[in-house]
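*Asks:* Take a look at this one; I'll ask things after.
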Amino acid sequence: MLSSAHVVPTSVRRAPSWICSSSRSFMDLKALLSSLNDFASLSFAESWDNVGLLVEPSPPHTVNTLFLTNDLTEEVMEEALQKKADLILSYHPPIFRPMKHITWKTWKERLVIRALENRVAIYSPHTAYDAAPQGVNSWLAKGLGTCTTRPIHPSKAPNYPTEGTHRLEFSANHSQDLDKVMSAVKGVGGVSVTSFPARCDGEEQTRVSLNCTQKALMQVLAFLSQDRQLYQKTEILSLEKPLLLHTGMGRLCTLDESVSLATMIERIKRHLKLPHLRLALGVGRTLESPVKVVALCAGSGGSVLQGVEADLYLTGEMSHHDVLDAASKGINVILCEHSNTERGFLSDLQEMLGVHLENKINIILSETDRDPLRVV
């Protein structure tokens, strides 16, 4: 069972959006990227995502000003250049699909051109920050009230706990040429071997356990298959990377005390600083219906929230049919528009990175970045 994190709403001291101090020093880009990865590992990102350093000026490149934005539009790029940014941290990756050419034809190509011409690097964390324990989804959960949270889809550790991806085990009695077997498997690269005495069917035997890579597994099996009796006793286990506590996509939040849906709506509006949001009432639900469990996912949460049992789904956007499906099950759905469930995190990020980077560089927030959709 996964451990849970207890979320208590807190007031965070806000730094001005444009901090500029001549006492700040520079950081080498590579050193800064290493620190950013220490803050939230890019290994947390989804496999389909495009994260990390997307645009790099010719080295050496030093950073005095880090510019934070949710979306890097041409308007935001102009602001970043005016404020002398050396590195733009854009939550959403401005380069996602492969580019076949870099011309002045499209706005995303123009972003790359302007960045390189002005020696500005571009970095995107995206789903790595969604999954991180101190990331976007945890920030979104702060607006619900005091609650216990856990990831809906926990992340896996980047590495296996032991060498190899598979474990192969077999038992051999002393009448078999065990020394020959052990010598052969130890000679295969990518294999670690342990052995210990074991009693099987009333007979003293030796239990052999091998951790192997996929490639080594096939080599070991090819050797063991030469001994029919030994091969038939061989067990193969596929190893899994361990789950990471408090890290993963979405959050399932259990409130310490139930509140009405109407109260929850006001809390979310206040947290996201929104005058309006979109609501789909679950079948049989009203604004006075109690809310105890909230499943949330910043951005587009349809796939993450699908099938999760909760009183309320909170996300930026979902497809029409996903909303209908949730409502039919009595689940209320609140949609706030995609980036409105993400952008507010940047203020917390500004302060957290300031501490993490020991205030070595200027960290400023975009003032022109905004959700493209408006209620009219």
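Any Cβ shown, glycine's included, is placed from N, Cα and C.
These numbers come from a predicted model, not from an experiment.
Below, the features straight out of Swiss-Prot:
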MOD_RES   Lys108  N6-acetyllysine
MOD_RES   Thr254  phosphothreonine
MOD_RES   Ser258  phosphoserine
REGION    243-376  region 'Mediates interaction with COPS2'
*Asks:* As a test of the contact definition, list every same-chain residue at least 6 positions from Ser258 (phosphoserine) whose Cβ is closer than 8 Å to its Cβ.
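*Replies:* Those within reach of Ser258 (phosphoserine), by Cβ under 8 Å and sequence separation of 6 or more, are Pro290, Val291, Lys292.
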*Asks:* Using a 10 Å radius around its CB, how many other CB atoms surround Lys108 (N6-acetyllysine)?
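*Replies:* A 10 Å sphere around the Cβ of Lys108 (N6-acetyllysine) contains 16 other Cβ atoms.
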*Asks:* How many neighbouring Cβ atoms, not counting its own, are there within 10 Å of the Cβ of Thr254 (phosphothreonine)?
*Replies:* 15
*Asks:* Rounded to an integer, what is the Cα-Cα distance in Å between Lys108 (N6-acetyllysine) and Thr254 (phosphothreonine)?
*Replies:* 41
*Asks:* DSSP on the region 'Mediates interaction with COPS2' (243-376): how many residues come out helix, how many strand, how many coil?
*Replies:* 41 helix, 46 strand, 47 coil
*Asks:* Under a three-state reduction of DSSP output, how is the residue listed as 'N6-acetyllysine' classified: helix, strand, or coil?
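*Replies:* Assignment for the residue listed as 'N6-acetyllysine' reads helix.
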*Asks:* Per-residue pLDDT averaged over the region 'Mediates interaction with COPS2' (243-376) comes to what?
*Replies:* 98
